[in-house]
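Enquirer: Pasting in a structure now, in structure tokens, and then I'll have a few things to ask.
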Number of protein chains: 4
Amino acid sequence: MAYYQSKPVAGRHFLQIPGPTNVPDRVLRAMDNPTMDHRGPDFGRFGQQLLEKVRAVFRTEGPVVIYPASGTGAWEAALANTLSPGDRVLMCETGWFAHLWQEMADRLGLKAQLLPTDWRRGADVAAIEAALREDKDHGIKAVCVVHNETSTGCTSRIEEVRRAIDAAGHPALLLVDTISSLGSIDYRHDEWGVDVTVAGSQKGLMLPPGLSFNAVSQKALRAAESARLPRSFWDWRPMLAANATGYFPYTPATNLLYGLDAAVDMLLEEGLDEVFARHDRFAEATRRAVRAWGLEIQCEEPRHYSSSLTAVRLPEGHSANALRATILERFNMSLGNGLGRLNDRVFRIGHLGDFGPLSLVGTLGGVEMGLAAAGVPHKPGGVQAAMAYLNGNA
Amino acid sequence: MAYYQSKPVAGRHFLQIPGPTNVPDRVLRAMDNPTMDHRGPDFGRFGQQLLEKVRAVFRTEGPVVIYPASGTGAWEAALANTLSPGDRVLMCETGWFAHLWQEMADRLGLKAQLLPTDWRRGADVAAIEAALREDKDHGIKAVCVVHNETSTGCTSRIEEVRRAIDAAGHPALLLVDTISSLGSIDYRHDEWGVDVTVAGSQKGLMLPPGLSFNAVSQKALRAAESARLPRSFWDWRPMLAANATGYFPYTPATNLLYGLDAAVDMLLEEGLDEVFARHDRFAEATRRAVRAWGLEIQCEEPRHYSSSLTAVRLPEGHSANALRATILERFNMSLGNGLGRLNDRVFRIGHLGDFGPLSLVGTLGGVEMGLAAAGVPHKPGGVQAAMAYLNGNA
Amino acid sequence: MAYYQSKPVAGRHFLQIPGPTNVPDRVLRAMDNPTMDHRGPDFGRFGQQLLEKVRAVFRTEGPVVIYPASGTGAWEAALANTLSPGDRVLMCETGWFAHLWQEMADRLGLKAQLLPTDWRRGADVAAIEAALREDKDHGIKAVCVVHNETSTGCTSRIEEVRRAIDAAGHPALLLVDTISSLGSIDYRHDEWGVDVTVAGSQKGLMLPPGLSFNAVSQKALRAAESARLPRSFWDWRPMLAANATGYFPYTPATNLLYGLDAAVDMLLEEGLDEVFARHDRFAEATRRAVRAWGLEIQCEEPRHYSSSLTAVRLPEGHSANALRATILERFNMSLGNGLGRLNDRVFRIGHLGDFGPLSLVGTLGGVEMGLAAAGVPHKPGGVQAAMAYLNGNA
Amino acid sequence: MAYYQSKPVAGRHFLQIPGPTNVPDRVLRAMDNPTMDHRGPDFGRFGQQLLEKVRAVFRTEGPVVIYPASGTGAWEAALANTLSPGDRVLMCETGWFAHLWQEMADRLGLKAQLLPTDWRRGADVAAIEAALREDKDHGIKAVCVVHNETSTGCTSRIEEVRRAIDAAGHPALLLVDTISSLGSIDYRHDEWGVDVTVAGSQKGLMLPPGLSFNAVSQKALRAAESARLPRSFWDWRPMLAANATGYFPYTPATNLLYGLDAAVDMLLEEGLDEVFARHDRFAEATRRAVRAWGLEIQCEEPRHYSSSLTAVRLPEGHSANALRATILERFNMSLGNGLGRLNDRVFRIGHLGDFGPLSLVGTLGGVEMGLAAAGVPHKPGGVQAAMAYLNGNA
């Protein structure tokens, strides 16, 4: 039973939106400890080891800034720390969240050049390269890509974007949103030469929302020296200065940091590679279920399949929102809605975070029973197909 | 991840033994409050409303004694309060727990007369009636029946036992163990004329183990006046005296009482009849899965099917314990082992407590995948069959 | 024992910095519930009642914006929503936090006109009025005042500031920081004609840090229409649009909202007036202790005494930081350090939030024993004086 | 705010009864983890290390039996495992709990020989020796002593009792109740030759009530072979057999075991000797406060002063219960009531468990203010005296 639930329902809620994800008890219990003095000596020790430890999750040896703010704030931080009013940024409109990021750039006084997609695949790397080659005078200051587009279930290939930028010989910064991929899908801040990685707490990191992150390259730090967008709360400089001794320039979200400490331990104990393999496996099982039902996966490009969520298209004339309402009502499971142009056209299954094979089977069972209950044309057998796959690979 | 887990495993553990059951967060959070003064005025108010409220779950208007002890203690309490050294008791050996109760009776100096079964059905009501009719001088002082035999998944018909005792015109007390049925399977202490109902916290009541109960009839209270088994900790009399004002004669398990308060609220908010219907539905879905797999249900008598657990027999030559080990290792689910003569022959699926349809699908999925992984001959399709049933009835 | 504590110490930590404060168990337990779908129907219902309920704490009937961010962010939001680059703001430099707010204004491209104080009293209302009267062409767009200066323990009289603005006939907005006063010291957003009230979760609201607030007047909303500081994360407009149905434009800090819901209930159950009276009483008891010790209170103006904290000056030649270290080491209590020019000169006793008379006695006892242990010249009897006062008034 | 509190009160409740004690957050959070399968492999590992680790607290290398029951049950277990109907036991009536133990012995069919005291000192060792010397035919089978009499605050010298038994050359078993001393007052099961140590979870072990203990000597185990009191739930033999592999013969109170694991870690991290020294220090500080108030300590024999609680006598004509009610109402602190013949004559201050110096100052402050508020004649200055002592020794 959730904190505020309108009617009594037996059994644990299945929170299968693509984030926030099901927070493991170990993280909730860590968060549930008394708040400590964020200026005291114990905090400094705690902060230092945490700031050090969290780098592993980004696969970086550089600094990771932690904001007491949700993921949208970390987007703003990435822009505000590196850019100046009127700067041009190249953005790949891979879906709703890429679109929102572009809206934010506009509001902050940047000029976004948009590379559209049909919302059924990741970023168009060739188009990025072409746009950069065309930008002879290097007016483009940053390339912004959403690693995993939460609205479509398409993952962009960041290493290819990196190569495209390099191939074009362009000095633009590479800013990447990993809000729904970090801790779920293989990601390498240093190796892929990302300048700012934007992340949030409530997805693969298995925390409630309320923390967000910027992993920052040396190049980004240099850019921050000359960037002129006004910034204060988001400013990396006082943050990094205070972080050096384990502290924060203003009050951090202490209890969420406790949770982060526990969550990073869990990821590292399982091993990042095993975490990614687990997500890959569950994603493939989910796609097999979708195909068995005879439904269409929103992502059309197999190389861009997301391992953290799957967006499923409904047959024409059927309402994804009605389906989700039926599933919530009957089976106590929340699924993600379609966003923007996909509203009512797709539903999204989150299969990320603290999630095991039986939770996945339950999740897919809820979808399969929901399709029948809501009268959506489909073939049964999705769960069966997923189990066959899981069992051969579990 | 459990409190003490030997290796990191992602996702919530499926605790599908037939108790202890998955404790809902609302109950855990209630238990997690500071312990209060068990002699202070707030405790008296708390105790009174709780002792009143808990009666509804037993469907009694008489007193319910709450022990700070696990269920085995409540068995002992039922015997020690009502019987005298050397007293004869009639016991139906419906399975392992009935057997343990009989062992306890022996240890306490009672003389148990055993009515055997083949552990594949509930109590033999005709045999009870016959034994009582034969007992012309009323040497039998109590009839002891396990309502739901947790080792076999067979539920005895207590209302029929009542009628058998009445038909025989026998004055014996009726003592019933509802440890794995209370709060899961329809049970009526008053209406069925039960004298002592024995219950525990860790099954349908959705609490951790550590509390147990005796619901007590007026006839049992009278028997307690002359019973001569030595008793102190278990003695109803000081307990009922203190309970009158909401207190306990010795320190109660305060934090478990907080949990009980929350758990009873949850049961009553859902409604007992809906709780029972939910368990019936999940049990039938489980049996359909078992049949689809081509496996055999331990309970042979449909009228005695248990709604809180299903014991499943393995084909000859296959080890239920090996299957359970595989399922635990691969799918992070605990299932019940076979007890006594059923060791390694059956495994038991608990489908009781705070449990919803998707948890059930996940549970059955774990069994189905486990059967394949462990090489147990079976047909796939069990989950499918369960979902078809659930969906028609959910 | 705190989450991360370098050495084992028996007994509960006394977190007597002037915030974050001791979070009550009821709030921690609320926060410890599973995260829910922030787009689902239950969230809308939850959000609406919470957004409505929280207004009472600000004593406003207008909107209260809740950010998933710490208090510093709410400062930035107040400026960014109402002002344009180059705008002049009048700021009263009452202490360290007022100073930080001014630094922020500078960073955001505003022009702060500073009215200094000696950090031993609240805002100089006459100086505000004079400055406004001088500003014939109304170049000053906002007057920024810290209600309760956490660095000095001086509370400014906001109702007098209001009257000064009115007396000057000046159209400037009134922005007030109540981070360490809200829920502790009488405050009236509507009655005092405040345009933006800035607040945080971790002080009188008894939550961990991570939420912050803007209560917003109609005049401020109008100013937001024409304000030109770039803003996106902090923008009130999409926030208020989403709040109308109980939702948020980006992921809210759900679990902290659970805590807020519990905390507001606690404040309203106790009654705001009683909450304020309790804080007044504890503050007076603390000052009596300080005087009995023969030490000097940082605030020199009795009309400006803070009810949420007391800053205490050390005799020349004695280190406040050494004293605090001794108290932390020996007595497991955290006190606030001196900030800015007061570093090592004062220590600060937080007596706000979920705090009762015996916690206060323990707190003052820790200070009194610490003074002796650290060799700070003082007279004993502070606790005695506080108890005498408390007892006459409790 | 407690789980069930009749009116809202700010600040943490001071639970200063001599048990249950204030449960530390670390223990509550451990208990708040999901219940695990008590028959699964992880439980066996958990159980073995816990059963091993807990021995250190009793200072024994022999077995410690853990019951899912409160302390009164462990008394019954000590008697039922070692004695036979009609056996004589020598009991020292040091106060209310010794009296209750004797009542229990009577109810179980034992013959208790009582050595009275005036309830103002510990056990009369000379009288024990005399009684044993007189018992030429060794009819006395056990000597039962309460180590720390919770009703009077008098601690018996168990090592002297041991010497007395040895001096008398008597083979009686030595059974000792350490319910309110274990983990608070120096105690040595092996060194002092105790045969059964009875303990509970809710005092020095810092847990909620619901677990209890028997530490058992080899001599006691031999006695158990021939003892004939009926026993089943309390029987050591199946318990020890199951414990050998980390399991329990019936369902253990799993979540309380999690708490025990955390609590024992806390005690061992602090170090038992430091734990005892801390309790000694706080007890002496409390007695100095009592003397400063001009009140009388119930314990008249300094060698028997209890380090876990202090019982304080009220002047003739004043009601201890009225005083406690005033303190609860005004200061949100629970104190222990007078028991049996001491009802309304004494109040008891618990200063044991997870308790630090500032909690002690707050506790004593609550008593001092309460004495004034309730009109009990006394001199102020108790807190002052305690602080002076603590500070010199902290």
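Positions of Cβ are set from backbone N, Cα and C atoms, glycine also.
Just so it is clear, the model here is predicted, and its values are computed rather than measured.
For reference, TrEMBL lists these features for the protein:
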BINDING   C:Arg348  substrate binding site
DOMAIN    C:14-321  domain 'Aminotransferase class V'
MOD_RES   C:Lys203  N6-(pyridoxal phosphate)lysine
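Tell me about the surroundings of these features in the structure.
Expert: Here the Cβ of C:Arg348 (substrate binding site) has 25 other Cβ atoms within 10 Å, regardless of which shown protein chain they belong to. A strand conformation is recorded for C:Arg348 (substrate binding site) in the three-state DSSP classification.
The number of other Cβ atoms within 10 Å of the Cβ belonging to C:Lys203 (N6-(pyridoxal phosphate)lysine), over all protein chains shown, comes to 30.
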Enquirer: Determine, to the nearest whole angstrom, how far the Cα atom of C:Lys203 (N6-(pyridoxal phosphate)lysine) is from the Cα atom of C:Arg348 (substrate binding site).
Expert: 14
Enquirer: Within the domain 'Aminotransferase class V' (C:14-321) only, compute the mean pLDDT.
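Expert: Mean pLDDT, the domain 'Aminotransferase class V' (C:14-321): 97.
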